[in-house]
Amino acid sequence: MTVGILALQGDFREHEEMLRRIGAPTLQVRLPKHLDRVERLIIPGGESTTIGKLLAMYGLIEPLRARVREGMPIWGTCAGAILMAQRIADGRADQPSLRLMAVTARRNAFGSQLESFEIDLPVEALGGESLRMVFIRAPVLEDLGDDVTPLARLEDGRVVAARQANMLATCFHPELTSDERMHRYFLEM
């Protein structure tokens, strides 16, 4: 099973390294033809507006949507979660996006880069066990659709991880820790 990692911008190398550590073959995805060679895809953190523009420039938006509709598992971390959201609360209407998951993403929900933080929180998908979460200019997920399951919440109740069928979104960066559990969870989806 080859895991594609969108490699247009952002921290795709960290995801690639994590997957290599756990023995999963990877392929950097930059063009639509690369999608034919992967069974699942990770959209990394980075800058959502830039990644969205590059998705459009390289003709990846429609092929990606089609593969996800066919059942390919997809995981967006931070900026990737924003790009997967059907709605972006504070985004521009013309911002290129995948608009796949029935959630609203609120960008930079914690403020600027200076307000970045780490916290340990329980994750439903991991049997309620705690996971170290790194938040860097992170979004939160709001207005979850009926078929979207929240997987992790902050102490104030805001959702920071969710799943809808074959789609996983995390507002934090598991790839920036040494904990492999979220990557293993994605491989089992």
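A Cβ is built for glycine as well, from the same backbone N, Cα and C atoms used for every other residue.
Annotation source Swiss-Prot lists L-glutamine binding site at Gly46, Glu47, Ser48, Arg107, Ile136, Arg137. Taking the Cβ of Glu47 (L-glutamine binding site) as centre and 10 Å as the limit, one finds 15 other Cβ atoms among all the protein chains shown.
Counting Cβ atoms from all protein chains shown, Cys78 (active site, nucleophile) has 30 others lying within 10 Å of its own Cβ. The active site, nucleophile annotation in Swiss-Prot covers Cys78 and rests on sequence analysis.
Within 10 Å of the C-beta of His173 (active site, charge relay system) we count 23 further C-beta atoms, all protein chains included. DSSP assigns His173 (active site, charge relay system) to coil, not to a helix or a strand. Swiss-Prot lists His173 (among others) with the feature active site, charge relay system, giving sequence analysis as the kind of evidence.
There are 26 other Cβ atoms within 10 Å of the Cβ belonging to Glu175 (active site, charge relay system). Here Swiss-Prot flags Glu175 (among others) as active site, charge relay system.
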Inter-residue C-alpha distance, Cys78 (active site, nucleophile) and His173 (active site, charge relay system) (nearest angstrom): 7
Output field, L-glutamine shell: CB within 8 Å of site CB centroid, site Gly46, Glu47, Ser48, Arg107, Ile136, Arg137 dropped: Gly45, Cys78, Ala79, Ile82, Asn108, Ala138, Pro139
Cβ-Cβ neighbours of Gly46 (L-glutamine binding site) (radius 10 Å): 20
Distance, His173 (active site, charge relay system) to Arg107 (L-glutamine binding site) (CA atoms, angstrom): 15
